[in-house]
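Undergrad: Handing you a structure now.
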Amino acid sequence: MAKQIFYTLFLFLLSTAILTASSSAPRAAITSKRAINFIQASCKATTYPTVCVNSLTGYANSIQTSPRRLAETALNVTVTQAQSTKVFVWRLGRFTSLKKREIQAVKDCIEEIHDAVDRLTMSIHEVKMCGSAKGRDQFWFHMSNAQTWTSAALTNANTCSDGFAGRVMDGRVKNSVRARILNLGRGTSNALALINAFAKKY
């Protein structure tokens, strides 16, 4: 008798678990689809929409349909990209075969990227503060800071790239660095566009 009761209870719990799993799966799929659609629509406002979609779609479940989380995620992705670029340029600077001008350009670029990382990190903080701002004035104070820091980070990326311009620079060094910086600049530009779009939603 006890075994029969236990078996019946087991079947009941198992069927409940299956029903719960089967009902939550479509909901998760719908949520993810809505989030992806939101990301795709939002990225149309950026200068590099394909880069925007490809870099942010993987975070759809955390972004959902929040303009603030979208901007914040774009900044986080760009910070990671900037840190990776900084390491790449630093390793490049350790090559003894570099010319004197190339060595100086690498050093200057590392400083620019370091500043970009700091400014993007501060921008992330400001965007977060926008989410808890009390009143219009407080929101725009943090928003203005976020826009300023991100714009400055974009300038840092462009300044680094300019240091490798001209025919004097070695083709391999110039091309490898500028390709990385180009991608960083695009990510930063997109993040700034999404911050501006978030501001318009307020």
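Positions of Cβ are set from backbone N, Cα and C atoms, glycine also.
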Undergrad: Among Cys109, Cys130, find the residue that Swiss-Prot gives as the disulfide bond partner of Cys160.
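TA: Swiss-Prot annotates a disulfide bond between Cys160 and Cys109.
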Undergrad: As a test of the contact definition, list every same-chain residue at least 6 positions from Cys160 (disulfide bond) whose Cβ is closer than 8 Å to its Cβ.
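TA: Looking at Cβ-Cβ distances below 8 Å from Cys160 (disulfide bond), excluding near sequence neighbours, one finds Val89, Asp108, Cys109, Glu112, Ile113, Val177, Ile181.
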Undergrad: Among the disulfide-bonded residues Cys43, Cys52, Cys109, whose Cβ has the fewest other Cβ atoms within 10 Å?
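TA: It is Cys43 that, of the disulfide-bonded residues Cys43, Cys52, Cys109, has the fewest other Cβ atoms within 10 Å.
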